[in-house]
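K.L.:
Okay, these came from Swiss-Prot:
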- Tyr22: sulfotyrosine (MOD_RES)
- Tyr25: sulfotyrosine (MOD_RES)
- Tyr31: sulfotyrosine (MOD_RES)
- Tyr39: sulfotyrosine (MOD_RES)
- Tyr51: sulfotyrosine (MOD_RES)
- Tyr77: sulfotyrosine (MOD_RES)
- Tyr413: sulfotyrosine (MOD_RES)
- Tyr414: sulfotyrosine (MOD_RES)
- 142-164: repeat 'LRR 3' (REPEAT)
- 213-233: repeat 'LRR 6' (REPEAT)
- 301-322: repeat 'LRR 10' (REPEAT)
- 1-20: signal peptide (SIGNAL)
Amino acid sequence: MGCLRPIYVLFFCFVVRVYGQYEAYQWDEDYEQEPSEDYEPEFQFHQNIEYGAPFYQNILGCAKECFCPTNFPTSMYCDNRKLKTIPDIPMHIQQLNLQFNDIEAVTADSFINATHLKEINLSHNKIKSQKIDYGVFAKLSNLQQLHLDHNNLEEFPFPLPKSLERLLLGYNEISTLPTHAMDGLVNVTMLDLCYNHLSDSTLKGKILSKLEKLMQLNLCNNRLESMPPGLPLSLMYLSLENNSISSIPEDYFQKLPKLHALRISHNKLEDIPYDIFNLSNLIELNVGHNKLKQAFYIPRNLEHLYLQNNEIQSINVTMMCPSLDPLHHHHLTYLRVDQNKLKEPISSYIFFCFPRIHSIYYGEQRSTNGETIQLKTQVFRRYQDEEEEEEDDSQDHTLEGQEETEEHFNSHYYEMQAWQNTI
């Protein structure tokens, strides 16, 4: 028993030392001063040290219809509660979740006390433009994100605060954009207008050029017949799927040097300039489901190319890659060419031009009489890269695989991790 006493002493000293460190950290790091008898902090730490998240005193409150979690003291969750009106919002709330309700109006009093709001999610409700009081959002000088998608809006919700960075208006009935709608929105980086009723006349006058920091623009599933004019130089991701665009001006992309990804599938493109996509930063290009009859020049940094469901009868590799540069390889890794009118596989010369290519998806092809045929090659061809070959030199370089679903690559919202990190 005597030998255990020193252990008890050491353990007691260790506990005192650790506790003292925690106390020093709490005051030194959080308050940066010695506590006084009459000092009362605005918030205190939750008893569960694992979370380390502050929670506000009960006096700040929470709407009775909603839930305000202790670990996220500035968030209020009122989603999916069959609400017909916006509840009272405490002053300290910064993130407000009201999606999936039956809210029909946003009145001048809806956010009268909530001056610190940074994000409002009103998606999946029944809001109409006429039921949004003028200037109700513009008064929120800290607002950064506004979700109004999946409602019944007929007009753009103008005016909006200068602080706004992300604006989601998809799945509405918007058909007009006033010339002053984008005034003051100098910090918007992401604008989603997919699934509306926008036409060429709606975007005339280069209305979108006012968004000087815009990086992502979604205009899919509208009524556009030509490329949207006056897009800002800052744009990196452009979605134009499911419109009726039939041509692209030859110098159109010269004004978009930072473009990383372009999705213009399900349109009516037939003849496009040979080097129209000669963009040094372009990584993903989807021109599937058009009426293209031949391939085009492939920029050096392009990695994913989708040509499915066009009218292509043969692919001339020298058009895609007119010259070889052993010091600067092309980066193309994935090519999809199913549902075209190919009669034979692509020439093996493609692997000299694009040495990094991993996969070519041929799928089924369409014959002149409308029947589907399969080429005398694997439906899905994969090619090992150098690292895989080093691991297993004996493994066959081709194998069959399943078709990568179009939905995975063709979502109108950009879901690539790199995009999310950028925006």
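Every residue gets a Cβ built from N, Cα and C, even glycine.
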K.L.:
So what's the mean pLDDT when you look at the repeat 'LRR 10' (301-322)?
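P.N.:
Its mean pLDDT is 96.
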K.L.:
Give me the non-local Cβ neighbours of Tyr77 (sulfotyrosine): same chain, 6+ apart in sequence, Cβ-Cβ under 8 Å, ordered along the sequence.
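P.N.:
The answer is Cys66, Phe67, Cys68, Pro69, Asn97.
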K.L.:
Give the residue counts of the repeat 'LRR 10' (301-322) per reduced DSSP state, in the order helix, strand, coil.
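P.N.:
Residue counts for the repeat 'LRR 10' (301-322) by secondary structure: 4 helix, 3 strand, 15 coil.
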K.L.:
Per DSSP, what is the residue tally for the repeat 'LRR 3' (142-164) in helix, strand and coil?
P.N.:
0 helix, 5 strand, 18 coil
